[in-house]
Structure formats: C-alpha cells, structure tokens
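Record features (Swiss-Prot):
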type: TRANSMEM; residues: 21-41; note: transmembrane segment
type: DOMAIN; residues: 21-301; note: domain 'ABC transmembrane type-1'
type: TRANSMEM; residues: 56-76; note: transmembrane segment
type: TRANSMEM; residues: 129-149; note: transmembrane segment
type: TRANSMEM; residues: 158-178; note: transmembrane segment
type: TRANSMEM; residues: 252-272; note: transmembrane segment
type: DOMAIN; residues: 335-569; note: domain 'ABC transporter'
type: BINDING; residues: Gly368, Pro369, Thr370, Gly371, Ala372, Gly373, Lys374, Thr375; note: ATP binding site
Amino acid sequence: MSLFRTYVRVLSYLNQEKNAFLLICTANITLAIITIAEPILFGHVIDTIADKSDTLVTLAVWMCFGISNIIAYVLVARGADRLAHRCRLTVLEKSFARIISMPLIWHQQRGTSHALHTLLRATDSMSSIWLEFMRQHLSTFVALFVLVPVTFKMNWRLSIVLMVLAILYILIARLVMQKTKNGQAAVEHYHHNLFKHITDSISNVSIVQSYNRITEETSALHQHTNNLLSAQTPVLNWWALASGLNRMASTISIVCVLLLGAFFVIKGQLSVGEVVTFVGFSQLMIGRLDQISGFINLAVSSQAKLQEFFDMEDSTFQTNEPANLPSLPNVKGAIQFHHVTYEFPNSSQGVFDISFEVKAGQTVAIVGPTGAGKTTLINLLQRVYDPTVGYISIDGININSINRESLRKALATVFQDAGLFDRTIRDNISIGKTGATDEELYEATKTASAHDFILKKSKNYDTLVGERGSQLSGGERQRLAIARAILKNAPILILDEATSALDVETEIRVKNAIDCISQNRTTFIIAHRLSTIRNADLVLFLDQGRLIEKGSFQELINKDGHFYKLLKRGGLTINQPATKEKDDNIIPLRKAMAL
C-alpha cells in the first residue's frame, strides 16, 4: 500500500464522527486563509511607520487579529484533541471486538503478543496522524494553495525563490523516503520481536526464576534492543540530514528574498513594508513546508505498523462468517464425524478420515498416545479448525452451515489449563452464564466441590484470583473451571484432562459431579484415567491421527487389539472386580502409553 493510500485510509476512520470532523476541518480552512492576512497587516504597519503616518489603528487591528487567531487555534486544537482521542478509543474497541471473535487458529497463527502490539502501536500512530491532520496538515495544504497565487501577484520574481525552496523540500523528502522505506519496515519487525520477548519472559516469570534464567533473558533482551537500534539509527540519521538540508535551503531562500527585496526597494519597485510582507510570506511558507516535512516523517515512520494493522483488520473481515447463517435449534447432542480430515499447514500431522457417531447423551472417551490427534479432534468439533475433507454434524446439521455463536452456546469446555481471568472468583464462574443468580452460582460451585474452599478465602466469592489464577492452587483453578462449565449448562460437554490437577479425594468428588452433569448430556473426555474409560459409552482409540479402534470399553478389550495391548503393556489387570475402591483408584493410562 502506497503512503498516500495509507494516509487516506487512516483518515477514513474519522468518518465515524463525520459532523465534528467536518466542523473542525472548516474551522481549520478558515484559519489557514486568515493566517495569510497577518503578514500583509504587518507590512502595512511597517509602511505607516516608514511614512510617519498614524500607526495606532493599523497596529491595533494587527494585534487584535493576532490574538483572535491564537484563540481560534487553541479552540480548534482542543476540539481536534478530543475528537482524535474519542476515535482512537472507538477504533481500539471495535478492533478488539473483532480480534477476540476470530477463530483460535487465527490467534495461533499470529500470536497473542503480535496482535496486541500491532493494535496498540497502530492506534497510537493513527491518533497522532489525526491530530496532526486536524491541527496542521489540512491548514498547511490550504495555506500553500492560497499563498502561492498571492505571492506571485505581489512579485513573481521573489515568488520564484519560494517555488525553488518548495521543490528542494520535495526532493529532499523524496530522497529520504526512498532511503528509509526498508529500514522503517525492519524497525517495526524488531519492535515486534522486542515486545514479544518481554511478553514471553514476564508471562513465564516463574520458569525464568526457577531455572535461574534472569541473566540469559536480560541478555536476550539486550540483543533485541541492539538489533532495534541498529535498524533505527540509519533511519534517524537520514531524517536528521533532511532536517539540516531543509534548514539550509530555507536560510538561503530568506537571504535571497532579502537581497532581492532590497534591490527592488532601491529601484523603487517595492516599499519596505511590501518586502517585510514578503519576508513574512517566506517564513510562513517555510513553516508550512517544515510541517509537511514533519508530516512525511510521521507518515513514513508509521506506515509499516499501520500496514500490519490494516492487514490484520482485513483478515478479520475476510474470516468473518456471513451474517445470515442460521443458529443451532434446540440442540439434543447427536454428533457425527463424516470422513473428517484436517492436516496442519506445512506439517504431516493432523487427523485423517475420521468417522464415528455419538448418540445424544452418550459419554465418549478419546484415548491415544501423545500427538495422536485427540485435542485436534476436539478442536474440530469446536471449529477452532475447519476440516479440509469431510464435515461434522450436530443433530444432523453441518456445523459449517451455522453461526459460530450458536455452536459455542451448545458447548461447555473445561481445558487442562483452567484459563482464569485476573478478576474475582464470582466473575470467573459467571462467565459460564451472564446474569446468573447467586443460587445458581452456589449450586454450580457445590457440585464442583469448590464452594467450601471459596468460603475460606479472605473475600469469599469476591476474592481476586490473580493473573491466570496465580493466587489459587492447581486444583482450585480446575474446580472453578468445572463450576463455570456446570453453570453454563450446555447440551455438549468437553473435558480435556479436566481432573488431572486434582488430588485423589477431590477428584473422586468432582468425578461424581461430572457423572451427574453428564446425565442426558453428550460428553467428550480426553481420557488418561482407566476409571473414566470404563464408564464411557464409546471409546475412541487414536494413533498418528487415525481412528484405530472404537467401541465400548469391553468391546475393545474383547477385540484383543491395540487398545487391549496398550493396557496390558501398562501392567493393568482388566478383569478385576469393579468395586468402588478399585474403580476409584486412579490408575494413569499415560503410564501405559509411555511404554
């Protein structure tokens, strides 16, 4: 995207407050035209002094004009500041809403820190450009448009000096833009790397300290800052050179105007006041040209980050689903995978030709070694990814033909990572159901064996859990996540190692709760516990992305196939009595898979 198109697109965001924007633009244009009269009035003051005539009236008019101009500029600048800040926050809110609504694959491809950094830096740059446009850019272009014919009317020979000056500014700016284009893109790249490293290190500060990586992480940051400075220094040098060349050109131009003006005064072709007026025009033009140079500097330095933002914005619009997609009606929970294949880009991993059917209310245990495709299968159901071949249906409806919002309403997921916000316990659980009553909240936490430990906290349900639940134990975090899913009361429940962080006693209670809420509800469990697999209606055994075996627990045992051999390698006794003591003894299937 060219610099001009980038600039126009940035300004297009001001259309959201069109009336205020047009009012400020009109005031700016008026000010720009009126500003040109100031050197003319000052020239008249000089002429009245030279003629020894009454200067009081002319001087008073000039002073009043100058003061009024200052007041008007302050009012316009105030309005521009407010409008720019309002628009910045509006763009931030709308972009944020689009970003968090994107599929998870979109975020995984870009990275959280990259999207955050792009959004914040771009909105800051847009705010600066809006401010400069409403304060200076528009009035500068208008002033130059009016100033050129006025100066030519006064004295075309002196005007040529100013035209040469303008051409020099343009040539210098063009040269610097060409020299810094690639450098500015590199600067933005290193900015992202720097921000990514800081975010990554701070978010994993416990690992950094545990493995005594403070010196190494600081050294790596130092390398990132050196890379940034190495890329930024040449860019800054070029703009410093441009500033010096512009200043030299403007000084030479003023000297030429004064010398030529003095020559014309001696010849009687100009008065002293007219020369002063023309010098004022020269200074006004130099000031406007300096503003244009500053604007070009701002636009060029912002282009790379704005281009990234626009690419991100465009990708959100392209990824957006059609507005007229229907919703899932009265979900019962019958799910079917129809020859589903998904392969990760630039990888041979994924899932391949998966077909199975789950009746409404059944519990499905997904089993397999690490990297077998268990989580990928669940992600396809949640439309984190869309199949490259085949499709998935809920109650006979292709989930690609419905809107994502209704699909998400039908699913309640408990991940291995509880995923808590830095908010209160109440807020974190209430995410499951907006507007839930206290009674519903308490019932959910009691079912998840969370109510008792919550009451022991300093502020009970109003206790802050810290960033990602850092103020809670692993088991406490997991129970809150389960309570959140219980509160949502969705017809389809997904548990990704949901009880892996719990002690045996708590796991028994939570397992009973899960068994309770699984009644009349389709449940998918990524299973690593033998007790979970035994109780499932359907067991899916995956390996290397393929569905190797499926059936009930006993059916797979009777097959004497891969699943049975896996259990046997783990040294587990299959035909032991299913007493409560034995059934609730948590035997890690993961151990068998590792053998």
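The backbone N, Cα and C atoms fix where each Cβ goes, glycine too.
Counting only residues at least six positions away in the same chain, the Cβ atoms of Asp496, Ile526 sit under 8 Å from the Cβ of Thr375 (ATP binding site).
Using a Cβ-Cβ cut-off under 8 Å and counting only residues 6 or more beyond its ends in the same chain, the transmembrane segment (158-178) has close neighbours at 3, 144, 148, 151-152, 238-239, 241-242, 245-246, 249-250, 253, 256-257, 260-261, 264, 278, 281-282, 285-286, 289, 292-293, 296, 300. Look at Lys374 (ATP binding site): DSSP puts it in a helix. The binding-site residues listed here are Gly368, Gly373; among them, Gly368 has the most other Cβ atoms within 10 Å of its own Cβ. Sequence-ordered, the extra residues of this chain that approach the ATP site, with Cβ no more than 8 Å from the Cβ center of Gly368, Pro369, Thr370, Gly371, Ala372, Gly373, Lys374, Thr375, are Thr376, Leu542, Asp543.
The Cβ of Ala372 (ATP binding site) has 23 other Cβ atoms within 10 Å, all protein chains considered. Around the Cβ of Thr370 (ATP binding site), 8 further Cβ atoms fall within 10 Å across all displayed protein chains. Each of the binding-site residues Pro369, Gly371 was scored by the number of other CB atoms within 10 Å of its CB, and the largest score is that of Pro369. Other Cβ atoms within 10 Å of the Cβ of Lys374 (ATP binding site) number 23 in total over all chains.
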